[in-house]
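What Swiss-Prot records for this protein:
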- 132-139, 179-183, 244-247: GTP binding site (BINDING)
- 124-294: domain 'Era-type G' (DOMAIN)
- 325-402: domain 'KH type-2' (DOMAIN)
- 132-139: region 'G1' (REGION)
- 158-162: region 'G2' (REGION)
- 179-182: region 'G3' (REGION)
- 244-247: region 'G4' (REGION)
- 1-60: transit peptide (TRANSIT)
Amino acid sequence: MELGLALRLVAPPPRLPCRALQPPPMPCFSPCAARRSRIRSSRLERRVGVVVSGGSMASLAMEEEEEEEWEEAEEEAEGWQEEEAAVVTTRPRLELIEKPDRSLCLLDEYESEELGTSHCANHRSGYVAVLGKPNVGKSTLINQIVGQKLSIVTDKPQTTRHRILGICSEPEYQIILYDTPGVIKKEMHKLDTMMMKNVRSAVGSADCVLVVVDACKMPEKIDEILEEGVGNKDTELPVLLVLNKKDLIKPGEIAKKLEWYQKFTNADDVIPISAKFGHGVDDIKEWILSKLPLGPAYYPKDIASEHPERFFVGEIVREKIFLQYRQEIPYACQVNVISYKSRPTAKDFIQVEILVEKESQRSIILGKDGKAIKMLATASRLDIEDFLQKKVYLEIMVKVKENWRQDELLLKRYGYGGEIQAL
């Protein structure tokens, strides 16, 4: 699984047996449909060639005869001139697709249909940066909007380290959200500096900004968040203040805080929500769509993120570390997926490396007689299998790398502080 590949929401198609290669009856077949058939048949022929190579000559001759019949059916199909709209075909389903760019809007009609990027005249698409202090519910909100758990969520602050891209697509729009690390003013490590760089680069690519605040806490101006995240408290980007966790306070308190934020902040609008239960999320979508420009979808409509599967595997392990260990241990850990091998006839093999800064931290991760690391591996494996919808063999190693949070070159290697390349 290579970096830069986008993860699809759909499950991979089932493998077809050799007997399934007989062409179905074709009462009506257009040139575009024939083109799709040739693509599918060529792939299946390569797959069958591997299977038949170890079989008998009779089996091989039968397959060659089937191929000739298939080619004759294709040639016959070229003669049909029926309208494409009248043809019922099965769209090829790809498991992975390369990250698209702005040239998607220049694709021809057939290719746009195959990628699911065809759009109506009023189609809207754009980027949204989600900012806020640590532990205010940014990741929970994005998971609700996207409809799938992409960002890990714990009750500890600064759980999100990387800039997570989530994609919410419908026929009329595509919202691309950046989940950013919590905005912090005092940067303790080089890692903190790199994470804040991620925040600023996300805003630089955005069409609008959501600032999430905790309704349970005393009202505060968002100038500091905009200053640290945007670089300018008087940004010209549309800003929505999201008052999260309204389910934890009384209705009368919500009204007072709404009035305060509307009076003392520069936000264009204020919307109270409960990201945990999804209350108010539709209102946020409506506000975002009112700010996004008209344009085609930047990504295929059936993907939820541009990150590869191995990225989310590492995030799942890191989430379990946050949930299982306390104090400084989760913050001292860096999780790297160093090997990911897909095996069609066996469990996928995944090898994960956990880096810590001290030998004492390594001992805590391992636990007495290795009990703690076994518990971590089991919890991680179960969630990974649920995410991938397949069985995996997970191997976890724990190593000591002193002061890795202060090593800028190492942090860049781990994906921190990279600039966003907006499509």
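Every residue, even glycine, has its Cβ placed from backbone N, Cα and C.
The structure displayed is predicted, hence computed values, not measured ones.
Taking every protein chain shown into account, Lys138, Lys246 are the binding-site residues, and of these the Cβ with the most other Cβ atoms within 10 Å belongs to Lys138. According to its DSSP assignment, Lys246 (GTP binding site) is helical. Burial estimate for the binding-site residues (Asn135, Thr180): highest at Thr180, by number of other CB atoms within 10 Å. Counting every protein chain shown, the Cβ of Gly132 (GTP binding site) has 26 other Cβ atoms within 10 Å. Taken residue by residue, the region 'G1' (132-139) breaks down under DSSP into 2 helix, 1 strand, 5 coil.
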